[in-house]
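Data block below; observations after.
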Amino acid sequence: MGKGAIKEEESEKKRKTWRWPLATLVVVFLAVAVSSRTNSNVGFFFSDRNSCSCSLQKTGKYKGMIEDCCCDYETVDNLNTEVLNPLLQDLVTTPFFRYYKVKLWCDCPFWPDDGMCRLRDCSVCECPENEFPEPFKKPFVPGLPSDDLKCQEGKPQGAVDRTIDNRAFRGWVETKNPWTHDDDTDSGEMSYVNLQLNPERYTGYTGPSARRIWDSIYSENCPKYSSGETCPEKKVLYKLISGLHSSISMHIAADYLLDESRNQWGQNIELMYDRILRHPDRVRNMYFTYLFVLRAVTKATAYLEQAEYDTGNHAEDLKTQSLIKQLLYSPKLQTACPVPFDEAKLWQGQSGPELKQQIQKQFRNISALMDCVGCEKCRLWGKLQVQGLGTALKILFSVGNQDIGDQTLQLQRNEVIALVNLLNRLSESVKMVHDMSPDVERLMEDQIAKVSAKPARLRRIWDLAVSFW
């Protein structure tokens, strides 16, 4: 071997000795650069609210008429933000709408209860008898007898009497709702709950029991209609339950236990995106349910206006009556969306009555399923919102016909409380979608894109490092 070849071999050995350290440094440098760029984008997204990307908040991807309704998305968002949501937020804090009577413990009529959740947030703080309004304790107006199922082993939570005041609630009598499984006729096992002290939020209620509730609702009582379905009646129940489900998920994600050890609560945007925002049909169904319930409230205007919301606190009761009238007679509502949903188009034709009975039975089963929820606070809000939805169905589809045996609307106090609180829950969910969805969707889609790009990015880094060898 000549001297030139020997020198070239020695030079090549020296280059190999520093290629690997240099390649390692390149890998580290590029990985840090990629990580820093990713993290800086996430931080920038949250810190700079005035960036040009925020202009997307004003557009939104939900436009045009809401399916099967009489209003468009932009009108609903503006009306909800400017008028309805502020009114409802004030209304549900008044003494009349703050207290809800509920049977918290009842045997599940379908299967043994085996799904208690693990967090203290599952439990409900009941009202002592001296807290809820005195008029609520007065004798109720006699009404129709009830043959509903009674709990055989449910523990009495408050032993509070049924309370509809003959003077305070003109026309509010004990009456059956053909759409719901009424279990509030046994006063001995009823409790009054302050809804403001028991907010709808994450409770840790998960697992087979929670899944079984929704599986039973969707598979047995509320199957999704086929893509070619033209019968509107068959769509209504599914869309209502889907919209309610989406709203419940929205509230859970918005008030989530992020760190149990530190009792840190906040918004779980990943859950919000995964459960609701990345599914446009769920968002649309939420808007549909909101307008459906809003239509029920406006249709009951004459009844709700004449009722007295007596709690014994004169100033607060006057405020409640004023807020109710502002809600019912809002000029913006009457101008922009006077008929949110047209119920007259349903139940037409020869099969209409039979179809209505079928859907009533399905919704009654859904109502009864709330007794199978293995979490006290989840059961509270499930019962309240399902009763509110059942009240909306009663107002829209059971007035002036044989379903209730009378030509005039009659509501229980608890039905009105549930109806207004449900409307507020849906209003909050719609507002959160409008306010948050552009930012949340953009952030989550960016993160998904970056996670998907990681394998290719690492491969490029490795190829670059190997090229030095």
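Sequential numbering from 1, following the chain as shown.
Even glycines carry a Cβ here, placed using N, Cα and C.
Keep in mind that what you see is a predicted model, and the values were worked out from it rather than measured.
Here Swiss-Prot annotates a disulfide bond for Cys375; of Cys372, Cys378, the partner residue is Cys378.
Of the residues Arg262, Arg282, Swiss-Prot puts just one in the FAD site with Arg201, Thr203, Trp214, Ser242, His245, Arg275: Arg282.
For Cys372, the disulfide partner recorded in Swiss-Prot among Cys106, Cys108, Cys117 is Cys108. The separation of Cys372 (disulfide bond) from Cys71 (disulfide bond), Cα to Cα, is 36 Å. The distance from the Cα of His245 (FAD binding site) to the Cα of Cys222 (disulfide bond) comes to 12 Å. Cα distances from Cys378 (disulfide bond) to the recorded positions Cys69, Cys108, Arg201, Cys231, Arg275 are smallest for Arg201. For Thr203 (FAD binding site), the nearest of the recorded positions Cys108, Asn365, Cys375 in terms of C-alpha separation is Cys375.
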